[in-house]
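As written in Swiss-Prot, here are the features:
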- Asn8, Glu383: Mg(2+) binding site (BINDING)
- Lys15, His206, Ile207, Gly208, Asn209, Gly210, Asp283, Met284, Arg285, Gly331, Met332, Gly333, Glu334, Asn335: ATP binding site (BINDING)
- Arg89: substrate binding site (BINDING)
- Asp146: active site, proton donor/acceptor (ACT_SITE)
- His178: site 'Transition state stabilizer' (SITE)
- Arg239: site 'Transition state stabilizer' (SITE)
Amino acid sequence: MSKTIAINAGSSSLKWQLYQMPEEEVLAQGIIERIGLKDSISTVKYDGKKEEQILDIHDHTEAVKILLNDLIHFGIIAAYDEITGVGHRVVAGGELFKESVVVNDKVLEHIEELSVLAPLHNPGAAAGIRAFRDILPDITSVCVFDTSFHTSMAKHTYLYPIPQKYYTDYKVRKYGAHGTSHKYVAQEAAKMLGRPLEELKLITAHIGNGVSITANYHGKSVDTSMGFTPLAGPMMGTRSGDIDPAIIPYLIEQDPELKDAADVVNMLNKKSGLSGVSGISSDMRDIEAGLQEDNPDAVLAYNIFIDRIKKCIGQYFAVLNGADALVFTAGMGENAPLMRQDVIGGLTWFGMDIDPEKNVFGYRGDISTPESKVKVLVISTDEELCIARDVERLKNTK
């Protein structure tokens, strides 16, 4: 038996989950937020308890020290050497990393170089990896890449219709993201349907603050909505999703607050989507509250959101030439029944129909009617478990 930590590090946060392996038992979980500020928050959940501390955490190394000390302080582990592996979620692995890998200096260097593809995510992941290697240098560290699952896409799918030199010289192509989530829920969907994954055609919709939709053919990703970066695809919480690229130079010319392309991309990443259109929030719960109040901006944001998701799902029905099931997962996918109802309401032509009583908050499983030709499933994603499994698989190959 061994203990493995799954880590999801952001620029100012560190989310973690401790597993007993190979039993896959969750021993504890938590998050450290606002790293770099004087009022950082560390939350630990274990044995039905919740401990929260306000601390001054300067960087990721200090955050890791606090996490490990808390594990001992709360009696979750007796000593550091009980931890035999740590797995790190990394958003962008480019073309280099087609599967999870054991970390070494070269791997870490490549992750930092690939920050250009995920500037909101890779730097934080690299900081988390460095922190664990500094404090626990003798345990196996594994990187699990969001992009790895999508390396099965065909060249005609991942290339953009621009001169090929931009791919050959600069590796401009579709990479996708959320691959660990899409892989996990596809496997769970096959179990739920009682059929081999290798026989299924699935559309998996990861709808959280970030949104990505994937066409899964016989267990492999054949297309996905996120692209060169996680900015592409349907409308998201704070991200615009797909827009006409000619808008970028136009806005630089017209708006004095947007001085260059970086300013526009920052606006598209952090100030757009549900938040930008509604002027209220990136949280669907707040948008739905606005719908109840007949707030016109909330209504508009919601309608754009539903429209873009329906179009993307419809597109992947064409890619797969039909589908056996549509899977909803992640924060909104799992917990926004109104959104699911309105998305499916625009896709009934494909043979989908949901049971209104099953499509309720908190329900997990098959929410379609017996007559529905395409099954509609709600499955809780578990990226952390996927990470822990890969650590267990790779820790003896160091």
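Yeah, the Cβs are placed from backbone N, Cα and C, and that goes for glycine too.
Swiss-Prot feature annotations superimposed on the structure.
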| residue | record | contacts (Cβ under 8 Å, 6+ apart) |
| --- | --- | --- |
| Asn8 | Mg(2+) binding site | Leu14, Lys15, Trp16, His88, Arg89, Glu383, Glu384 |
| His178 | site 'Transition state stabilizer' | Asp146, His206, Gly210, Ser212, Thr214, Thr224, Met226, Ala330 |
| Ile207 | ATP binding site | Ile309, Phe328, Thr329, Ala330, Gly331, Met332, Gly333, Ala336, Met339 |
| Asn209 | ATP binding site | Met236, Gly237, Thr238, Ser282, Gly331 |
| Arg239 | site 'Transition state stabilizer' | Gly210, Val211, Pro230, Leu231, Leu268, Asn269, Lys270, Ser272, Gly273 |
| Asp283 | ATP binding site | Gly237, Leu274 |
| Arg285 | ATP binding site | none |
| Glu334 | ATP binding site | Phe328, Arg364, Val378, Ile379, Ser380, Thr381 |
Which of Asp146, Glu383, all recorded positions, has a Cβ with the fewest other Cβ atoms inside 10 Å: Glu383
Listed binding-site residues (Lys15, Arg89), ranked by Cβ neighbours within 10 Å, top entry: Arg89
Site extent for ATP (largest Cα pair distance over Lys15, His206, Ile207, Gly208, Asn209, Gly210, Asp283, Met284, Arg285, Gly331, Met332, Gly333, Glu334, Asn335, Å): 23
Other C-beta atoms that fall within 10 angstroms of the C-beta of Met332 (ATP binding site): 25
Secondary-structure category, per DSSP, in which Asp283 (ATP binding site) falls: coil
Three-state secondary structure, Ile207 (ATP binding site) (per DSSP): strand
His178 (site 'Transition state stabilizer') in three-state DSSP notation: coil
DSSP three-state assignment for Arg239 (site 'Transition state stabilizer'): coil
DSSP-derived structure type at Glu334 (ATP binding site), helix or strand or else coil: helix
